[in-house]
Amino acid sequence: MATARLDYIAPWWTYWLHNFPHFNFTFQPVDNTFRPGEASYQQSLVFLACISAAGLVLSLLLLSVYLTSVCCCRKEEEEETKRPDSCCVSWTAVITGLILCSAVGVGFYGNSQTNDGVYQLTYSLHNANHTLGGINSLVSSSLGSMEVGLQQHLKRLDEIFATRGDYVQALRFMGQMADNIIRQLTSMPELSKAKVDLSAIADQTDYVEYYRWLTYLLLLILDLVICLVACLGLAKQSRWLLTMIMVFGVISLVLSWGSLGAGTATAVGTSDFCVSPDKFIANRTKDFLSAEVTHYYLYCSQSLPNPFQQSLTIFQRSLTTMQIQIQGLLQFSVPVFPTAERDLLGIQRLLNSTAFNLNQLTVLLDCRGLHKNYLDGLMGVCYDGVEGLLYLCLFSLLSVSAFCVMLCAIARAWTLITSRDRDYDDIDEEDPFNPQARHMAFNPSRASHVHSFCSYSSSLDSQASPHPPPQTAAILPTSEYMNQSMLFGGNPRYENVPLIGRGSPPPSYSPRMRTTYLSMTDAQIRHFGTDFQQV
């Protein structure tokens, strides 16, 4: 019996998952035999899912500690220390994004593999259900023909052939053959319950698989959107985008841990079934199928006898005997009893249809059809299905790791952006080196009342020179008067043009300008006003 089972070999990953420890809620070991109806076995699968719940709590606790330390215990940093942190955050975000994108790719593949395996299982269940339905239909049709249709014809012929004892004897012999057929059909195992079970299992599996596939698809799309928006938020350095990503990141982290627990429990339970499926099916069908019939369909070996062969042989022989009797009555009794032809032809058509049903029933009862459906279902759920669940578990693990690192990186980036904005707020708006000051409009009315010290020095020079004095530089742009200072003063450290009235710190004058300023007379001071009273 062991050597006959070469068609199906459980994959190695099902044995690996099958050997996972099984504990109930009281931490007592539980037998890993697939028994979905027992409470202890159900508790062992829920216990595996609770391990993921414990991981979720631990990760949230560690994230809370880290976020608290970043938000409440950070110190003011110098500019040179901020640059390495920014670079580290950027590289961490890039690597995390790559890991998350890889996890999403793994998740799509695992979701597709699982869906293909479950589809193959349900397709095999529907085929087997169709086969069992065909067997039940053929048996019911044959029984109806023998019990109702044949008996009505025999009763009418018994009245017609009442005067002929040999014909009546032939009719009674045909009745005995019909009873043999009825007896063999009723002795066959009742497969209607198995048909109902397969139909219910297939429908329920289709329903659960659709929502499982849709849930994972939405989770994969959510993770991908979070990754893209996180990259956008870090590139734009937008605090509200990063805050939103942190909120959705925590939600996705919870969903990833939940999917990991559900996927692990499902993979372990399915592997428990795949390691020894024959034992489970034999236990489920023992109430309405004999062990011989179950063994015949599960293993389908040439060395195994067909449990229906004897019944089918008796059925065939009885039917052939009845066809011979009807053929003889049509040949010899119709010339004497013309009214019997209609019933005899009716019996002949009934026997021909029953013979056709017998041929179909022989094909459907053969083990090769149902056994192929059985193997296809096992290959689908135990190979593609469990393999896809393992990839989905890997996706969940990568997502959990990526989101934990991403939340830490986003929290650090958020603090750096906040610190940068606070430093910008501390800059004096009147500082000429403030980038905002470049956009401030210049007020010419104020500059018109300000007397440039350069104009005064030029006026002194004009007394000894025929050249006209240079124009005032009070309204020149910063770049122009700095260039003039280099051209006329020769030293860029000193400004030949005072910055009076420009809202800037006190300028540094050259020694020549200071000497000229100190040599001003009272009349000149009255002429230029008090703009140069403070140096």
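Each Cβ is built from the backbone N, Cα and C atoms, and glycine gets one as well.
A TrEMBL annotation is a machine prediction, not a hand-curated record.
Per TrEMBL, the features are as follows:
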TRANSMEM  45-67  transmembrane segment
TRANSMEM  88-109  transmembrane segment
TRANSMEM  213-234  transmembrane segment
TRANSMEM  241-260  transmembrane segment
TRANSMEM  389-414  transmembrane segment
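Counting Cβ pairs under 8 Å to the transmembrane segment (389-414), the top-ranked stretch among 45-67, 88-109, 213-234, 241-260 is 88-109.
Across the candidate stretches 88-109, 213-234, 241-260, the maximum count of CB pairs under 8 A to the transmembrane segment (45-67) is reached by 241-260. Under 8 Å from some Cβ of the transmembrane segment (241-260) lie the Cβ atoms of residues 52-53, 55-56, 59-60, 63, 216, 219, 222-223, 226, 229-230, 232-234, 392-393, 395-397, 399-400, 403-404, 406-407, 410-411, 413-414, 417, all in the same chain and six or more residues away from its ends. Within its own chain, the transmembrane segment (213-234) is flanked in space by residues 89-90, 93, 97, 100-101, 103-104, 107-108, 111, 114-115, 241-242, 244-245, 248-249, 252, 255-256, 259, 392, 395, 399, 406, 410, 413, which lie at least six positions past its ends and keep a Cβ under 8 Å from the stretch.
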